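Engineer: Sequence annotations record features per position, and here TrEMBL assigns domain 'Cytochrome c assembly protein' to B:8-162. Taken from TrEMBL, the feature transmembrane segment covers B:39-61, B:82-99, B:111-127, B:139-159, B:188-208.
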Amino acid sequence: MNEIRTLIRKEFTLEWRQKYALSGMLLYVVSTVFICYLSFNLRRNQLTPIVWNTLFWIITLFSAVNAIAKSFSQERFGRLIYYYNLCSPQAIIVSKIIYNSLVMLFLSGTGFIFYAFVMGNQVGDLGLYTICIALASIGFSSVLTLVAGIASKADNSATLMAVLSFPIILPMLLMTIRLAKNAMDGLDWSVSYDEMITLLSIDLIVITLSYLLFPYLWRS
Amino acid sequence: MKKIWWKVLCIVLLLYVAIMGFMGPVPHLPILNESIRNTYFHVALWLAMTTLLFSSMVYSLMYLRSGKLQHDDIASELAKAGLFYGILGCLTGSVWANFTWGDPWPNDPKLNGAAVGILIYLAYMLLRSSFEDEQRRARIASVYNVFAFAVFVPLIYILPRLTDSLHPGSGGNSTFGSYDMNNDLRKVFYPAIIGWILLGLWTAELRVRIKRINRFREEELAGDRKTL
């Protein structure tokens, strides 16, 4: 536990020292939202709730892929070997997942506030939508962390990252969009229990698998 | 040549399926009618594909535990055979859907799940081809393979259950589930599954052997060059 805490603190310190990475991601989200806003500007009335919801999740997905892709490649090779000597691979993957989840929560939260501000808020049940954002952020970041680890071993990692992660993340994305739609319509929470449980269990499966598989990846 | 019996069994079973599948008696259900014969091909191919992909994952796990390259060879060839079956399953399904639903690719959760499943395994092939070093490729591809299968199962078998599908057996369509799967169908359906699985294993086995021979020859060539 101590190891994990230190590693997470290290990630935050690193991020804080090179502020351009996080602020770059924030700017990425904000400018994407703004591009969508301007593109739909001509026909505001055609922005149905379904389009509104889907657009938000696609923006979130792309910013997640971009934000997490760098989580292994930003550090130099020598430093990775240094970590390899110091701590267990499990501690590394858990700390990376927790850190990336926090970053994603921050990014998608800010993204949502800005999106709702610009495109008009159409959400009926904000509480459920927040839960949905939280579940999705954790799920996206845990899938993408392992895939980023895989892709960073290859040469053309940017393409590989997208190709490997999109089909894997799709079940999660579909469930999220459905849950988010329920939240937008302000349906009773009992209607969405199915989706919430499925999403939670996919999250759990993915996190356990990352925990079990990462040591093999780390060794190479 | 030592274990030829299962290859003979495979040929016999598939011949039986081809003959009985087109000539044998079938129950007459609304909507489906004679097209129910596709159960022997489409449904059996899907089940065989899942089996092949599952065994591919098992071999990937074995590779991660043992580090023997043979296991990874087997895993990758099984995945390739599974992918091939997946494409065949899509094609047979499309032909059938064109007659039954009037559209070769209707918007159905199961179909989209299958397409995404094929994408996952194509990505696996791409991942394999982007490494030069064999051990490294084997390890990283195995990790991805295990991960991919764990996502593939909910995609194909759990998510479609949560929504209505056009497929027989859900959404009020006539089904070949527990009641309607009568003995005429069963007599061909179960042999069909076994036959397709055996055929898949056979193709995978042949490809693994070709791979081994190639590796052996390359090593021999490298050895020759060294002595020269």
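Heads up, the Cβ atoms here are built off N, Cα and C, so glycines get one too.
Remember, predicted model here, so these are calculated numbers, not experimental data.
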Engineer: Counting only CB pairs under 8 A, let me know which of B:82-99, B:111-127, B:139-159, B:188-208 has the most with the transmembrane segment (B:39-61).
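Structural biologist: Most Cβ pairs under 8 Å with the transmembrane segment (B:39-61) come from B:188-208.
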Engineer: Among B:111-127, B:139-159, B:188-208, point out the range having the most Cβ pairs under 8 angstroms from the transmembrane segment (B:82-99).
Structural biologist: B:111-127
Engineer: Find the average pLDDT over the domain 'Cytochrome c assembly protein' (B:8-162) in the predicted model and report it.
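Structural biologist: 84, rounded to a whole number.
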